[in-house]
Amino acid sequence: MAGKPVLHHFNARGRMECIRWLLAAAGVEFEEKFIQSPEDLEKLKKDGNLMFDQVPMVEIDGMKLVQTRAILNYIATKYDLYGKDMKERALIDMYSEGILDLTEMIGQLLICPPDQKEAKTALAKDRTKNRYLPAFEKVLKGHGQDYLVGNRLTRVDVHLLELLLYVEEFDASLLTPFPLLKAFKSRISSLPNVKKFLHPGSQRKPPLDAKQIEEARKIFKF
Amino acid sequence: MAGKPVLHYFNARGRMECIRWLLAAAGVEFEEKFIQSPEDLEKLKKDGNLMFDQVPMVEIDGMKLAQTRAILNYIATKYDLYGKDMKERALIDMYSEGILDLTEMIGQLVLCPPDQREAKTALAKDRTKNRYLPAFEKVLKSHGQDYLVGNRLTRVDIHLLEVLLYVEEFDASLLTPFPLLKAFKSRISSLPNVKKFLQPGSQRKPPMDAKQIQEARKAFKIQ
């Protein structure tokens with residue numbers, strides 16, 4: 001276990017993607033063990049590897065960590081991506097939570113019942129355009145620096161880049177009114193480790209379509 | 001702002017209650033400014049005090065912090081309730097996240113549409129009984145210590161006590177098969193700062209019934 005972290009999840013974005021992004025940005029190689037059948041998941045549970053019977057689970061430094069935020073917090077701390085002091089961490093946490101909320105809101109649209117999709121899509125667009133993106137545009141304008149906190153790369157820069165790419169997939173026109181966010185996206189995308197993760201053949205996962213998700217739900221009964 | 005933290009929220013549990021619990025357990029006095037009208041909330045927004053237009057918001061050490069977890073993390077760090085090293089923090093975070101998930105699941109029942117209530121209540125009971133409480137009973141059994149992590153009080157002990165009290169309100173029989181959790185509940189409840197918070201007249205908030213929540217949603221146009 002002194003070797004590479006091992007990631008246990010489906011071969012999909014889900015709640016593991018932000019962890020993949022953070023490890024990649026930190027330049028940390030990782031191994032993935034995909035759950036491909038109900039038996040795979042059942043075995044992880046029976047062997048006591050999932051504290052709350054849930055994935056994602058990451059084996060790292062002798063621990064079997066579950067809960068996305070616990071995993072992210074650990075990786076960010078270990079690889080010095082969590083700010084230089086308590087106050088920077090507080091800002092990083094506040095910004096990261098906002099980003100995770102919006103990521104969840106956009107991500108949930110894929111598994112949304114058809115009769116709710118239109119209303120939920122409209123809400124997600126409104127929140128993106130009128131709440132979240134303005135908040136981060138304002139942060140960048142407020143300090144005029146290249147990174148969101150402390151003028152150096154932290155986890156929240158990686159989370160925000162990930163989110164901006166999802167917004168772009170969702171509706172690219174939503175980014176138009178936010179020049180500083182667009183510049184931020186280009187800047188962070190150009191960092192060597194990030195650039196590598198954005199290349200084809202990396203461990204980044206593509207979006208699933210509704211049909212693939214329906215099939216996965218049938219197999220795993222969730 | 002070098003004085004007491006100031007908490008901005010409705011006069012209700014909601015997403016601020018775990019913050020109240022943590023401050024109280026740390027022995028930190030705090031002030032509350034309740035949002036009592038839509039105008040109160042609108043003013044907080046217009047004045048740029050809410051980063052994502054959402055409460056809870058806590059003014060502390062010159063910051064206006066939003067997002068429950070960000071606030072909890074800051075308080076726990078400041079008052080040395082977050083473990084002694086990176087690995088203890090990881091366990092604390094993992095356990096705390098599980099507790100927050102369960103708290104949310106139980107808390108949501110009171111504002112659940114009537115046609116879903118029965119199914120959601122059954123699910124919440126199942127998860128409580130078969131997933132979450134067994135997990136924490138097992139932690140206590142495996143190390144035989146008084147606290148969940150590192151053999152001293154951390155934030156996760158406070159969060160777990162809080163959720164055990166909610167479980168008890170929800171269905172007290174759910175706790176019956178878990179003797180170590182029951183002993184834990186008594187033990188943590190007896191700590192001086194916690195005991196004080198459990199007394200009537202403290203800043204702890206009572207449960208709301210569905211009618212009160214319906215009225216609050218109408219007043220604030222929450223969907």
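Glycine is treated like the rest: Cβ placed from N, Cα and C.
Among the candidates B:TYR9, B:TYR95, B:TYR132, the residue that Swiss-Prot annotates alongside B:LYS45, B:GLN54, B:VAL55, B:GLN67, B:THR68 as binding glutathione is B:TYR9. Its Cβ taken as reference, B:LYS45 (glutathione binding site) is surrounded by 13 other Cβ atoms within 10 Å in the chains shown. For B:THR68 (glutathione binding site), the count of additional Cβ atoms within 10 Å of its Cβ stands at 20 [all protein chains shown].
B:LYS45 (glutathione binding site) falls within a helical segment according to DSSP. Checking the recorded positions B:LYS4, B:LYS45, B:GLN67 against chain A with a Cβ-Cβ cut-off of under 8 Å leaves B:GLN67. Distance between Cα atoms for B:VAL55 (glutathione binding site) and B:LYS4 (N6-succinyllysine): 18 Å, as a whole number. Within 10 Å of the Cβ of B:GLN54 (glutathione binding site) there are 18 other Cβ atoms, across all protein chains. The secondary structure of B:GLN67 (glutathione binding site), as reduced to three states from DSSP, is coil rather than helix or strand.
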